Amino acid sequence: MTNFWWIIGGVLFALLNTAAGLIWVERRMLALWQDRYGPNRAGPFGLLVVLADTLKLFFKEDWIPPFADKIVFVFAPAVVMLSVLMSFVVMPFGPHIIVADLNIGLLFFLAMSSLGVYSVVLGGWASNNKYALLGAMRGASQMISYEVFMGLALMGVVVLSGSFNLREIVEAQRTIWFIVPQFLGFLIFLVAGVAETHRLPFDIPEAESELVAGFHSEYSGMKFGMFFIGEYLGITLISGMLVTLYFGGWLGPAFLPPVIWFAIKTFCFILLFILFRASMPRPRYDQLMEYGWKVLFPLSILNLLVTAAIKLWLNT
Amino acid sequence: MMGPAFYIAAAIAVIATVMVITRYNIMHALLYLVVSLLAVAVVLYLYGAPFIAALEVIVYAGAIMVLLIFFVMMLNLGKESAMQEQRWLKPRIWIFPSLLCLVLLGELVFLISQNHQPPSEIKVVDPKAVGMALFGPYMAAVELTGILLMAGIVGAYHLGRQKEKTLHRFLEN
């Protein structure tokens, strides 16, 4: 039982520190790819910029607009943190490092990510502001649409491993990582994951050049901080999921412990997310939706169909 | 462990549902409905149906309710609509629904008092069993539901389709 609490505490500690550390990592990496220095003054390599940012967020005036729906306004940022942190419950960080070894692990992840939509929708609605409302509308339709392909893309992995349990999915990749037989599924999941965390290039719910800051225009102080950290946690979550489902999770050569393998692989994907932001332009809103429904949706169904057919053919 | 968890979840479901009916602000009512659905998902999980519980969260709480909230959001109902609701929901309105509910409650109490069934064995139904049932004995029902949804999609497409119309002085088609 004590072991159990250690795992929860350790996972929370690692995740929150990763999310905070990503503030620095993202700014430094963006700077590197755009040929400048980035934050390099406070502390070694500018690492203390994390502390400065956090202090700033805590001491800013926590303002609730008089025209906002107060309860929902306060509640919305909590939803994003809650839903993302709950998703980590089913993630296997190592052979025995998993908070809840649920039989429906993958479905639980999908359920939590579909609840995450509420933070965007409610935040935008409660702000009672036109820009925020536009951002929330975009966010809602984008996340609902991309959830569909996300779920369908994941079903390929479920067909191959024959389980919704994430630990068993990792175990099933001992012979070959699912990136090889499920390359198309991996690509669809990657795109859907970027859209789900509304990161650039799919950050149209908060497109700052059109909508001020989109759904969180009215948020300040630590409430904004929750959205901010929630986004970084979302990146970590999608990266971790990509690793678990397609890159063998904690599997790896024995000279490093499994947790370290998991961390290294996840970190590579986090860097990929940052590289996306550094290098890609933002599509128009209707282009995003069309791309989703007209390209990704048929592709994900085709992927599932072919995977299931091959699996059946090999079994008989 | 199971008992208290069930009663807490069930109580939350009941309270949230009552709140759905009595709220004047439609957005708050919808949020209580989400809470109620989540509570029902917990109850289902406790009864050994984790698959249905997950689907309840994904489909009802995560997709259908988001769509409802999405539409309400676009209607931009402010204080006026809450006032209107308040005017409509007079105590007199409650009499007939309450009577109907009382009849149902009486029936329920009667049925419970009639035969004391021992609580059936709680058995975990895994996703595979659900799939086998759906695509085995209940195949026809699944297909019919699919056709129903198809009809809905075709209808929505038909209603939503409109002629390409360019509103410009020089470009008319």
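Every residue gets a Cβ built from N, Cα and C, even glycine.
For A:71-94, A:106-125, A:146-164, A:176-195, A:224-247, A:259-279, A:291-314, the entry in TrEMBL reads transmembrane segment.
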Give me the stretch from A:71-94, A:146-164, A:224-247, A:291-314 with the greatest number of Cβ pairs under 8 Å to the transmembrane segment (A:176-195).
A:146-164
Stretch-level contact, the transmembrane segment (A:106-125) and the transmembrane segment (A:224-247), CB cutoff 8 A, at least 3 pairs
yes
Below 8 angstroms Cβ to Cβ, which residues of this chain, lying six or more residues outside the transmembrane segment (A:71-94), approach it?
11-12, 15, 64-65, 100-102, 105-106, 108-109, 112-113, 115-116, 118-120, 122-123, 125-127, 166-167, 170, 218-219, 223-224, 226-227, 229-231, 233-234, 237, 240-241, 244, 249-250, 257-259, 262
Intrachain neighbours beyond the transmembrane segment (A:291-314), with Cβ under 8 angstroms and 6 or more residues off its ends:
142, 145-146, 148-149, 152-153, 155-156, 159-160, 181-182, 184-185, 188, 191-192, 195, 283
